[in-house]
Amino acid sequence: MVLISRSSGASFGGVGMIDISERAQQHFLRLLSQQGIDDLSIRLRVTAPGTPAANCELEFCEPVDLIGGEWTIECAGFNFHIDGDSARWLDNATIDFEPTSTGGQLNIRAPMIKGHVPGAEAGLIERVRYVLEAEVNPKLASHGGRVSLLEIDADGVVLLQFGGGCHGCGMVDVTLKQGVEKTLRERVPEITAVRDATDHAGGEKPYYRKHEGTSAAV
C-alpha cells in the first residue's frame, strides 16, 4: 500500500487514482540504491500537458530540489513525488515494470495527459493550435523547427511564427504553402489563408541553405 500526502499548496483531486505496481516500486528502489545518495527520491512531471505533445518525465530528486506543491506517494523504501501542476493530468495513470530477457521495460500509461481532441463546437484558436501541435510540429521537429500561432483575424487568416530550424529557412515558403497551410485548411475549414510573420532574414543556418538575395517571408 502507498500513502499520499501533499507537501503544500492548493487542493487537488484525482491523484489517488495513480497506480504504481510493486514491480515498478522495486525497479525504482534498485535505481535509487545504485546512486548512493541519501534521501534521494523520484519525481514525475508532465510536459506540455493537455496537448498532443504531452509527455511524462521521471527524474531523480533530492529534498532541496522540491519546489513545494508536490504530491508525495510513500512507497516501500522511498518517496515518489508528483509535480503539483502535473497531478490533475495523471488521473487513472499506471506505472508498471515488465521484466524481459534483456532487462526490462518501464511503462507509464497516462490517458489524460494529452487532453481531448477539440470538437466542432470548440473555438477556432483551440482547434488551430491542436492541429499545429498534433500534426504540423511533429513533422517540423525532424528539421529542428516548430511553428506557433500568433493570431487569427476576423477574415480567417492565420498568422504563424516559425522558429528553430525553420527560422531563416529558404524553403519555408514551400513548407508553408504545401504543408502547413494545406493541413490547416483541410482540418479547419474556416481558415481562409495562412501568413508567415517570421523575420527569416535574421535566422542562422537553417535546415536548407538560404540563398543570398532571396527572402521566403510572406
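Each Cβ is built from the backbone N, Cα and C atoms, and glycine gets one as well.
What TrEMBL says about this one:
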- CYS166, CYS169: [4Fe-4S] cluster binding site (BINDING)
- 18-117: domain 'Core' (DOMAIN)
- 128-194: domain 'NIF system FeS cluster assembly NifU C-terminal' (DOMAIN)
- 196-218: region 'Disordered' (REGION)
**OP:** List the helix, strand and coil residue totals of the domain 'Core' (18-117) as derived from DSSP.
**Re:** 21 helix, 40 strand, 39 coil
Original post:
What average pLDDT does the predicted model assign to the domain 'Core' (18-117)?
Top reply: 91
